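Presented below is the structure to which this report refers.
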Amino acid sequence: MGGLRLLAVALTCCWWPQGSQGKTLRGSFSSTAAQDAQGQRIGHFEFHGDHALLCVRINNIAVAVGKEAKLYLFQAQEWLKLQESSHGYSCSEKLSKAQLTMTMNQTEHNLTVSQIPSPQTWHVFYADKYTCQDDKENSQVEDIPFEMVLLNTDAEGNPFDHFSAGESGLHEFFFLLVLVYFVIACICAALWQAIKKGGPMHMILKVLTTALLLQAGSALANYIHFSSYSRDGIGVPFMGSLAEFFDIASQIQMSYLLLSLCMGWTIVRMKKSQSRPLQWDSTPASTGIAVFIVMTQSILLLWEQFEDTSHHSYHSHHNLAGILLIILRICLALSLGCGLYQIITVERSTLKREFYITFAKGCILWFLCHPVLACISVIFSDYQRDKVVTIGVILCQSVSMVILYRLFLSHSLYWEVSSLSSVTLPLTISSGHKSRPHF
């Protein structure tokens, strides 16, 4: 297990994103970039309410006035229609179809985006008098440094909310999640005693608790990031990246745990000779299969993070890596479910059959919740999809961990099942411990 942890850390450390691009944007308006792309893309934001606000501050007013600098705001659907249109609009025609325009001739500009019946994504572009010209020599002029603040209305109707419509509510959700983890930590001293004492459940409880601590760390890092984000629109990018690091490490831990258990039982059923107890480290076949699948999942997770640079641990799977992750998780759930179903159908012991059924529920819920929620999110509006996936996956995986904890801590159903078996089940210490539970 130590080698797998090192692999997980090494893979994850290879990727360290810049975190969320906050809603306080800083950069430079560039005539060259605007001319190359027929409009420099500045950012996008999901406005909602009647008095959403876009505020821009610039220092070099003379250059802005000389270049006839302007900002153009397009609704996402209208911009998509322009991009997919077969009419072949020219550069100036595209810019003329912007829903809102702002001429920059002052140090500070405020643009109110009002009368929005439902949350909508708006794209912000910069262009000037050189943007639609063919002569690039004229566009080699000084850039204009800027700071842009994008704000939605708060509960009182004032434009002070840095969260877009797609992010609203996540700050409160992660606060409640951290609070729940804190309460659990306070009342679960018995779990620490069980891990500290050792016994047949030591390894599985240790790995399961490590995954739980990683999830709690991810929730805390997200809460710190969003708390700062609510004040300045930037947040703490390092904490956002740390949250994704913890989440990927937790996914790797749990995948290795569940795969090792399932592969162990499957291999036990196929073995003709059952004279040797099945141990965590003494089954090269089950360990090899688990490591290979976990490595594949790790590579796909990192690939997906490289493809999608926006900060959130759970993605909507719009790229190839995300689609492959969905397929992998579905295949894992189906294969593990089929393997456990075969064991359940031939099992005569009610105790062991009950154990396998409960364990199958925990496994299938862990692997299938993300693909199922990604599919369900399609029926929601664009701005709600990421929230549905993020909140849904966290809650479902938390329920899965509760199921597994109850299964392996229930004094101890796992141990009794192992005692009734012809060989020791995966993750127990040895067949010599069959006399009584070690709790």
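Note: Cβ is positioned from N, Cα and C throughout, glycine not excepted.
Unlike curated entries, TrEMBL annotations are predicted automatically.
The domain 'GPR180-like N-terminal' annotation in TrEMBL covers 24-133. Under DSSP, residues within the domain 'GPR180-like N-terminal' (24-133) fall into helix, strand and coil as 29 helix, 51 strand, 30 coil.
Residues or ranges marked as domain 'GPR180/TMEM145 transmembrane' by TrEMBL: 177-404.
Taken from TrEMBL, the feature signal peptide covers 1-22.
Taken from TrEMBL, the feature transmembrane segment covers 173-192 (among others). Nonlocal intrachain contacts for the transmembrane segment (173-192), taken as residues 6+ away from its ends with a CB within less than 8 angstroms of a stretch CB, comprise 205, 209, 216, 219-220, 222-223, 226, 391, 394, 405, 409.
The annotation transmembrane segment is assigned in TrEMBL to 204-225 (among others).
Taken from TrEMBL, the feature transmembrane segment covers 245-268 (among others).
According to TrEMBL, the transmembrane segment annotation covers 280-303 (among others).
The transmembrane segment annotation in TrEMBL covers 323-344 (among others).
Marked as transmembrane segment by TrEMBL: 356-381 (among others).
Summarising the annotation, TrEMBL assigns transmembrane segment to 387-408 (among others).
Long-range Cβ contacts of the transmembrane segment (323-344) within its own chain (Cβ-Cβ under 8 Å, at least 6 residues beyond either end) map to 255, 258-259, 262, 265-266, 269, 293, 296-297, 300-301, 304, 317, 353, 356-357, 359-360, 363-364, 367-368, 370-371, 374.
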